[in-house]
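Data block below; observations after.
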Amino acid sequence: MIFGKQMPLNIVAIWCRSLSTLLHSGVALIRALELAGKRAGDQRFGPVTQRLIQEVRSGNGLSEALIAEGSTFPALLVDMVSVGEQTGNLPEVLTSLAGHFDHQVQMRRTFIAAITWPVLQAVAAILIVAILIVVLGIVAQVTGSSPLDVLGVGLTGTTGAVAWLSGWAMLLVAGCIGWEMINRMGQRGAFDRLLLTIPVVGHCLRSFALSRFSWAFAITQNSGMMIGPSISASLKASGNAAFAATAPEINAMVMSGEELSDALQATGYFPTDYLEMIRVGESSGTVPEVLERMAPQLDDDARRSLAQLTMAFSSAIWAAVAIMIIVLIFRVFSIYLGLINGALKDI
């Protein structure tokens, strides 16, 4: 049975760690699946566990059972479990996967926490303008004067405030629809390539992609996965479609005898210092170990880049608010100055 909704990564991490511990302890796979499903702490895992057990009892391997679940589990998990079954080190592979998914969850939480405050600032700025439009409309009604069009676009009173908020709501909906269309039309790679060229934003996204790629490549190589599938799975795990789209090019170069560092350099997405560290690993045959040691440093770099991005975003919001306030002040001043000049002419 195929299900489209993917299981949350934090739940998948708990499941992987529990299953690894049970298998390490010598518990049979079917019993281990049953216990790990209960330890996952999510009621959605109940039906999934029963289907996995049914597949295994019918003679299929765990990887085949996971494939039957469609997109319920991450593709990297399915690929790695298949390698673990073939090499006989499934518990070790599951332990590595648990750490990888925990890392992804932590990075995602860091990102959400960092952008929450700037987003709240943007929402507050929009609401402040809406309140100002309403208040000035009420003042105009009380004084019997014409309402002040502070934005200069004909938005006054309650109706103007509703139009202002509706405009932003429509813009948000249009953005969501556009994002969905980009994903459905297979243009995510082109969109991510565009984002990578934007100052600050591009550096932040590249840092996150490098961190995820390094973690994934280290665990796939340490598990015994072949270099081609390892590169493809790791680039996909980077979470950046522009990186993932380079998999055929990199694999073709590596299979033709080129060094991994040269293949990565040809994409233009990997920085020089990163490539130099990979070359050091290639010379000693320890690329996975080098990337595993680099991963925490890349995490720190990603967090610093995210801090710079949120600071720039926050500064841009406050600058926009300041400009809007200045424009409002000058506009109100010019309106009252016009009223005073008109009154003086009548004298």
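Cβ atoms are placed via backbone N, Cα and C, with glycine included.
As annotated by TrEMBL, domain 'Type II secretion system protein GspF' applies to 15-136 (among others).
Feature annotation from TrEMBL assigns transmembrane segment to 111-141 (among others).
Here TrEMBL flags 161-182 (among others) as transmembrane segment.
What TrEMBL records for 217-330 (among others) is domain 'Type II secretion system protein GspF'. Across the residues of the domain 'Type II secretion system protein GspF' (217-330), the predicted structure has a mean pLDDT of 85.
Counting same-chain residues at least six beyond the ends of the transmembrane segment (316-339), those with a Cβ under 8 angstroms from any Cβ of the stretch are 118, 121-122, 125, 128-129, 132, 148, 150, 152. Feature annotation from TrEMBL assigns transmembrane segment to 316-339 (among others).
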